[in-house]
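TrEMBL lists 21-38, 301-323, 366-390, 396-421, 433-457, 469-492, 523-546, 552-580, 587-604 with the feature transmembrane segment.
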Amino acid sequence: KSKPDFSQDAALKMKSLNPRFIFLLSLTVVSSSLGFYLPGLAPVSFCEKEDAKECQKDIQLFVNRLDSVESVLPYEYDAFDFCKDTDERRPSENLGQVLFGERIETSPYKFTFKSDKACVKVCTKSYDAGSKEDKLKLDFLKKGMELNYQHHWIVDNMPVTWCYIVEGNQKVCNPGFSIGCLVNQEGKPKDACVINADFNKKNAYYIFNHVDITIFYHSGDETNGMSARLVAATLEPRSVKHSNDDKPTCDGTPMDIPAEFKNNLKVTYTYSIQFKQNDDIRWASRWDYILVSMPHTNIQWFSIMNSLVIVLFLSGMVAMIMLRTLHKDIARYNQMDQEEAQEESGWKQVHGDVFRPPRMGMLLSVFLGQGTQVFIMTFITLFLACLGFLSPANRGALMTCSVVLWVLLGTPAGYVSARLYKTFGGENWKTNVLLTAFLCPGIVFVDFFLMNLILWVEGSSAAIPFGTLVAILALWFGISVPLTFVGAYFGFKKPGIEPPVRTNQIPRQIPQQSFFTKPVPGIIMGGILPFGCIFIQLFFILNSIWSHQMYYMFGFLFLVFIILLITCSEATVLLCYFHLCAEDYHWWWRSFLTSGFTAVYLIYNPLNHSHMQLNLHSGISLAQIYFQLSNTLSSSAFHSPSSDLCFF
């Protein structure tokens, strides 16, 4: 409902009212407002007769990039030879949309509210068999149909979906539809060709050149019956060979394109549009029918219960060590002065060496500083996502929020790194600050830049424009680096963390270790339990990345994130205790790498997942494989800092 709007005269009169009355009136206004709209997500009203203040009658269909589950390279709409808008416009895109490779532009499909139309011609594309340019265009289009590239259309900031019935009589709504399909030389239909028995020509491509669009609108309490709001947009793609390209009827046989281009070819694109009223769907819940068709809520709860069992097991182990073993050891150790002297054993023998500074303390402090920065960024981003600020309707908000938070959190990174480095007794504070500001971000940026160069060569829409690269560098050098210096300044001004016991001048010799107490086996085993807690959630995240689905289960993700922190902490405490009992006091790097090794499993799992989900045939180039590996590293980096940092 619209909020009360007070004029300037009324506002001036309110200044002279009794403050108590103003307070009561404010409570009334707040209670009468059901909520608020996020920037860019306010509803748009439509009506048959346009009113500049209240509603509009023209509906613009936007097109986004085309992508495929069989290829990791997305392309812009203009890369394929489709109908173009004569007055093409590109809406402003935020940083997150650009980084995710979204390329939204206007389309030649333009509608008028409540104006049903049948078989409207959009354009006709002609291909001359003697033209090399036309042959390249058609070959690229056929390659897109072979790899099942899909359109992504948008109406009123809402995806136009293709809904169909699958096994079990379940309705699935896909926020994209194929540009066409292929029947191979054996006569076996691929992908979308299975929906129609008429797609039966061997070694032929069938292009979906006609769409039947249905737009549902709500006209009721939300708009006081004067206008309407769009609540759903669906379509059904069809392949039609028009007998008359100038006056199409949209009732012909399927439009087949032979694999060998020998004769001239014409492809006419058409559409039909109809509007239907549906007052059962409210504007605030118009995304529900898309998200409901994306299953797996039960699997999510199963995953969380599995993770909770692991947490309870580790918590019991830690509690037993803390309350029983350590308590008895400390009590017995304190009675040594009263009883006859006895030789120390276990972890008590290394009390004079346990706080000895680690090797490569500079590098450890830098990693922990950067881990602090990414950990806080991840926590705040997931928290905001749980509150609904970063929903799929707010395109690019998730990535924009992550980047902005990372830039603004340079101060904690510099402070933690400097304070810890000072605790280790380090004196090269300039090197420490520079490494904290440039080492990890520099590695990520070099990988990002190399990947972007390859994407530029491939002509993919995922390539970041040069201006955006300059903007990212400006954010890094202009904001993040100075804030890191500020944090390091305060960190070095603080005194180092004093250990509770004095460190021996002569290092104690470490006895021979068994296989399970050696560093490498302990680190490898330490990452298994945390990875088991997030395996199911990681599967859905990878599906959303490579299967181009919308990820919206941030509540589950935040809960699993908390479970991951607890699991990493408890697993690290347990393994460090076992190593100290074996008289091995080199625990600094081991505590970092024990839970941090979860990131290695996170990298391996997406690689295995990609081989299962993607069809890596000989036609896929080295650029696509490199892009896939970079996506793997990016998805792993989103989780690993929490496991790296939690024990610290």
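In case you wondered, yes, glycine gets a Cβ from its N, Cα and C as well.
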Beyond the flanks of the transmembrane segment (301-323) by at least 6 residues, Cβ under 8 Å: 529, 532-537, 556, 559-560, 563, 566-567, 570-571, 573-574, 577
The transmembrane segment (552-580) in contact with the transmembrane segment (366-390), cutoff 8 A, at least 3 CB pairs, sep 6+: yes
Segment proximity, the transmembrane segment (366-390) to the transmembrane segment (433-457), 3 or more C-beta pairs under 8 Å: yes
